[in-house]
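To keep things clear, I will list the structure first and then write my remarks on it.
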Amino acid sequence: MSSYLFTSESVSEGHPDKVADQISDAVLDAILTQDQRARVACETMVKTGVAIVAGEITTSAWIDLEALTRKVITDIGYDSSDVGFDGATCGVLNLIGKQSPHIAQGVDRKKPEEMGAGDQGLMFGYATNETDSYMPAAIHLSHRLVEQQAKIRKKKNSPLSWLRPDAKSQVTLRYENGVVSAIDAVVLSTQHAPGIKQKDLIEAVREEIIKPVLPAKWLHKGTKFHINPTGKFEIGGPVGDCGLTGRKIIVDTYGGWARHGGGAFSGKDPSKVDRSAAYAARYVAKNVVAAGLADRCEVQVSYAIGVAEPTSISVTTFGTGKISDDKIEKLIRKHFDLRPYGIIKMLDLIHPMYQQTAAYGHFGRKPKEFSYLNGEGETVNATAFSWEKTDRAAALRADAKLK
């Protein structure tokens, strides 16, 4: 019998790298609200007392960058010097320039469907049927732990009012013959106010954060819990560590279970295939698994800058396919348009929905209907996490001629 351990981690919305991601995506959202043709590549750095927002942006929109940055920081919970960082008083430095016209000439075309990729690169998408979210279980549970930490922290009259925004989680699972059999270890580190006794913190975190999230069927007497194992975690957020956009690409995707092309997501408009093609690859892989064509599926796509058609599409199902990987690849080419314009249209990506992707994972989330007012004051309806739909599974299954 094959037995092995696998570990994934996640971080909270108050982790400094995630603060940076959320600022970058808030800038993108604010611009897309007014200008759907904008080109945005926004990078953020946060450190004690300052947020630096830089990058290349070409747009007709105007946004109050300073006010927007401050709002993101305070909404996360960094709203006082008592927590070490205050969005109301920190410095905000604007270092934004315009996108190179040489890139623009390769992307923008007279015919929208001929739109070229914004850069070269390779992207991966993955799905598995081991969880209802079609995500690997370790990253799924790691996200839910830090999400629960934030939920309890922000709750009115919270029993854990001493929680602070910064937190990290890690889950180690035991697999037997490729199937999750148990949770071997859990790590939960959370920033907290001074004066909290370690014993009280451990008990509260276990009862209010860990127990509501982890499946009881996978817990056993030997499961190890490491809660704030250093003893104190009072200094956190941008004071404890410098935060940068794009530093949590494994947390953002599949927790190390699938391969990664190296490109980050946050702060990039959908013309950047680092983001849009990774979303499309997840959409494809999830529909393949939801269709029952495989238990696990990884899809790779690649692009050349200024070229519309992908330079490659490849599929691997790790021996779990009900039909051959070659046949699945042919079905993908038939049912999905993976040119940049095709992806944007297929997933309806040009809407202000990206800040909510910047914490707790870009994948494994439920599609969410919402509406907003655009630059003309019109109400627009849209769907966030559209790449999590399984609306093409039935057609794939029928075309594969599976009963």
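Including glycine, each Cβ sits where the backbone N, Cα and C put it.
Annotation source Swiss-Prot lists ATP binding site at His15, Asp166, Ala167, Lys168, Lys232, Phe233, Asp241, Arg247, Lys248, Ala264, Lys268, citing sequence analysis. Per Swiss-Prot, Mg(2+) binding site is recorded for Asp17. Under the heading K(+) binding site, Swiss-Prot lists Glu43, citing sequence analysis as support. The L-methionine binding site annotation in Swiss-Prot covers Glu56, Gln99, Asp241, Lys272. Residues annotated as region 'Flexible loop' in Swiss-Prot: 99-109.
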Among the binding-site residues His15, Asp17, Ala167, Lys232, Asp241, Lys248, which ones place their C-alpha within 10 angstroms of the C-alpha of Glu56 (L-methionine binding site)?
none
Determine, to the nearest whole angstrom, how far the Cα atom of Asp241 (ATP binding site) is from the Cα atom of Asp17 (Mg(2+) binding site).
9
Do you know the mean pLDDT across the region 'Flexible loop' (99-109)?
61
Of Asp17, Glu43, Lys272, i.e. the binding-site residues, those within 10 Å of Lys248 (ATP binding site) when Cα atoms are compared:
Asp17
Rounded to a whole angstrom, what is the C-alpha distance between Gln99 (L-methionine binding site) and Lys268 (ATP binding site)?
12
How far is it from Lys232 (ATP binding site) to the residue listed as 'Mg(2+) binding site', counting Cα to Cα, in Å?
21
Lys268, Lys272: which of these binding-site residues has the highest Cβ count within 10 Å of its own Cβ?
Lys268
Distance check, please: Cα of His15 (ATP binding site) against Cα of Glu43 (K(+) binding site), rounded to an integer number of angstrom.
16
Cβ neighbours of Lys232 (ATP binding site) where a neighbour is any other Cβ within 10 Å:
12
Based on Cα distances to Lys272 (L-methionine binding site), point out the closest of the binding-site residues Asp17, Glu43, Ala167.
Glu43
Could you check which of the binding-site residues Asp17, Ala167, Lys268 is the closest Cα neighbour of the residue listed as 'K(+) binding site'?
Lys268
Most distant Cα pair in Å, residues His15, Asp166, Ala167, Lys168, Lys232, Phe233, Asp241, Arg247, Lys248, Ala264, Lys268 binding ATP:
36
Rounded to a whole angstrom, what is the C-alpha distance between Ala167 (ATP binding site) and Asp17 (Mg(2+) binding site)?
12
How far is it from Lys268 (ATP binding site) to Asp17 (Mg(2+) binding site), counting Cα to Cα, in Å?
16
